[in-house]
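A short worksheet on the structure shown next.
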Amino acid sequence: MPVITLPDGSQRHYDHAVSPLDVALDIGPGLAKACIAGRVDGELIDASDKIDTDAQLAIITAKDDAGLEIIRHSCAHLLGHAIKQLWPDTKMAIGPVIDNGFYYDVDIDRTLTQEDIELLEKRMHELADTDYDVIKKKVSWQEARDAFAARGETYKIAILDENISHDDRPGLYHHEEYIDMCRGPHVPNMRFCHHFKLQKTSGAYWRGDSKNKMLQRIYGTAWADKKQLASYLQRLEEASKRDHRKIGKQLDLYHMQEEAPGMVFWHNDGWTIFRELEAFVRMKLKSYQYQEVKGPFMMDRVMWEKTGHWDNYKEAMFTTSSENREYCIKPMNCPGHVQIFNQGLKSYRDLPLRMAEFGSCHRNEPSGSLHGLMRVRGFTQDDAHIFCTEEQVRDEVNSCIKMVYDMYSTFGFEKIVVKLSTRPEKRIGSDEMWDRAEADLAAALTENNIEFAYQPGEGAFYGPKIEFTLHDCLDRAWQCGTVQLDFSLPGRLSASYVGESNERQVPVMIHRAILGSMERFIGILTEEFAGFFPTWLAPVQVVIINITDSQSDYVNELTQKLQEAGIRVKADLRNEKIGFKIREHTLRRVPYMLVCGDKEVEAGKVAVRTRRGKDLGSLDVSEVISKLQQEIRSRSLHQLEV
């Protein structure tokens, strides 16, 4: 009979099979009331599942990340319960957990309106408020199929037919009269599911295939308590104010249009930001001793067959043909960089060779997934590939890590979550090679005093990788940086160098990205700064404003001085009230407004005002220029003080 070992090392002995809920009740009524599920020997199980062998058990509550995920998953079932009561002919597809919430894809014979969503949410609350028990039953495959056939649930039947073995015993979760199928676990009672909000709807193809029927996807968020929900909704409201699509339009940075889905039309001010960011990256490339190259944006399909992309990635590639040859527009830069490496004989003395490119790449992303600058079809990668020997891997990874943190700190990103993905089951190379590669990556992180978590089995088949996920001011996660070892591509494309023993050897290739894509990173920065770009990035850094026509010559003279000093400046000589002009440029997030009246002209000064409304007083022009140059040169995140 089972001996249950708890996280504190204490043990409880039973003469019969017990569930996590039984053990929680044995410990105390408070824990039993809070028990959502159990973690048995590392595996999550339902609170009602029986344990009949010796095991380690942790009781999962709403305070645990796993508990919150279970709450969200059960809220998806609650949505299904409610929608079937309101519109019984609805057919349920899939309802997984996502970041901060859940969704459910439904096949319903009406276009869901905002009023429908509000009605659905109300019914969900009414059901949850009854605190009904959720009953789990393990049944045979045929029993599950019969249950869904009786309810006309064609999508559930398809899941059973295509994804579940006839020998399996699927879990059916009974929410009163509503039944759903899931691996689980789920909450034992709906008292855990009171704090949720339905958010929006969108279209989604069944199985993600555009050849299939378009379903309606209903999104929601769910939390453990009222305070967490309110805090999240407040963050969402702030995120809406910072939406890069809104700010991009307000500041005239770029636009997208139907004739070129997922492609960016950069306007002058947006392109100025792009070029400044590019110049910053280019400066860092020089300091870290990279070559900058430029490969073709299109190559023969034969090349992509050699790399393996044609077999594994062709659905995401744009193609064209000419003179009976088929070409692929590149989705990534790496094959082109190997071709550059292959030109001319390379010696071990030439390594490491660090090759970077602002590569124009295109990927055929589904139209429904496109989202402003964050998800596009045409993008520019700040991509680099390092060709080195196995002995050089550790030092090169070390350098990559330093470069990542060096660049992120410039933008004020301090919270960076790092994960090391290790060997998958299907992989190339020997265990010894993987041992060394994983050890090199871990050692480089440790040498830089970086905390990281392992992701076992999540590496690519051709090598382990480090992922850098930065968190913005709203604590949203953006996976941008990657350091990926590649033991496959150089060999596939016949890359080699002459080693110390005068024999040809295949180099190790390190894929390195920091920003990820220029477009997406500009989107992230737009939201991080809410359009208040630091002065060095701002499209217009200074506007000089006259009060009356009598200061026009002085304004023009100052404008020329600032331009000659390398400052992006505009003169506003319009016949408008000074308050109107200041308000307009403040809304345009121009960092500094220099106001010139008769007093300033006479004294050879300017009245300096920041976009945040701070009055810095009347300053000498030379002092203003010097301080602005210093702020821009240092890429400061803070505006000047007097």
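A Cβ is built for glycine as well, from the same backbone N, Cα and C atoms used for every other residue.
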Among HIS194, HIS195, HIS244, HIS511 - the residue Swiss-Prot places in the same Zn(2+) site as CYS334, HIS385: HIS511
Per DSSP, three-state class assigned to CYS334 (Zn(2+) binding site): helix
Secondary structure content of the domain 'TGS' (1-61), with strand meaning DSSP E or B: 14 helix, 22 strand, 25 coil
All-chain count of other Cβ atoms within 10 Å of HIS511 (Zn(2+) binding site): 23
